[in-house]
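Feature annotations, reproduced from Swiss-Prot:
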type     : residues                                                                              : note
ACT_SITE : Lys16                                                                                 : active site
BINDING  : Pro99, Met100, Gly101, Gly102, Gly103, Ile104, Gly105, Gly106, Gly107, Ser108, Ser109 : ATP binding site
ACT_SITE : Asp141                                                                                : active site
Amino acid sequence: MPSAPTELRDCPAPAKLNLFLHVVGRRPDGYHLLQTVFQLIDWCDTLHFGRRADGRLVRTTDIPGVPADEDLVIRAARLLQAETGCAYGADIALEKRLPMGGGIGGGSSDAATALLALNRLWGLDLPRAKLMSLGLRLGADVPFFLFGQNAFAEGIGEALTPIALPPATFVVIHPRVHVPTPEIFSDEGLTRNTPLTIITDFPDQQIVFAYGRNDLQAVAERKYGEIARALAWLRQFSPLARMTGSGACVFAPFDRAEQAQAVADQVPSEWEGRCAAGLTHHPLAMFAV
């Protein structure tokens, strides 16, 4: 077996889109039961890792508003140390591009990339299933980013089934508002009883982009007018525009990259707009088996 590397640079942490998001119930502990399709896209944060012999975990980049001890990346690394007894530490640098509170899984994806990269950097060779169980302790979306491919998700988001999705390029708009997820889920007006979906309702067909809805969207639009305005603007170009996660990002799929780019080029300057291609697999999927 080859020896573990001493550094891993340019490790991507891709964003996700929820192609639909249905709230189908609520557990006794208050967690909401969901059904969704997760789509990976090529809009990414980038992380760099250097192995340390002294066991320390050092975040070498500052993230405004996120102390190192509260950073999911550091928490993920600390959890991996605790679970394995690993004596190594790491210097960790993060190039942050994905907006926080955007509904695209930025923090969860960063944590998953940390688990995948440190699993290799520290020579731990933990299987994917073990990493996913650790990831669930950090957040409900983290297991998906460790799963390695697009998925139909159930439960609180941790019960995952692989799904093949049609190629698409997405226009993603961040209306530059931060949406705290608990604020949306705790709203009395939230729909919590959407009928259950079965995966055969959308076998790898274009229908998946038009299927269902995001049950969180109506609440977010009511609370954040900028989300409603961004959706109205994007619907000029696609009837499939919808919100991802609990917001604030909205998106629409396009068959052709040139078509998507033409729309992205017109996004009003007060918002952040970009094109992002759909991915079939996580870029670091090979880091675990």
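Backbone N, Cα and C define each Cβ position, glycine as well.
Cα-Cα distance from Ser109 (ATP binding site) to Asp141 (active site): 8 Å (rounded to the nearest whole number). Closest to Asp141 (active site) by Cα-Cα distance, out of the recorded positions Lys16, Gly101, Gly103, Gly105, Gly107, is Gly105. Classification of Pro99 (ATP binding site) by DSSP places it in coil, neither helical nor stranded. Working note on the binding-site residues Pro99, Gly101, Gly103, Gly105, Gly107: by count of other C-beta atoms within 10 Å of each C-beta, Gly103 ranks first. Secondary structure from DSSP puts Ser109 (ATP binding site) in a helix. For Lys16 (active site), the number of other Cβ atoms no farther than 10 Å from its own Cβ, over all displayed protein chains, is 28.
Cβ atoms within 8 Å of the centroid of the Cβ atoms of Pro99, Met100, Gly101, Gly102, Gly103, Ile104, Gly105, Gly106, Gly107, Ser108, Ser109 (the ATP site) belong to the same-chain residues Ala15, Leu98, Gly245, site residues excluded. Calculated from their C-alpha atoms, the gap between Gly105 (ATP binding site) and Lys16 (active site) amounts to 6 Å.
Just so you know, the Cβ of Asp141 (active site) picks up 27 other Cβ atoms within 10 Å once every protein chain is counted.
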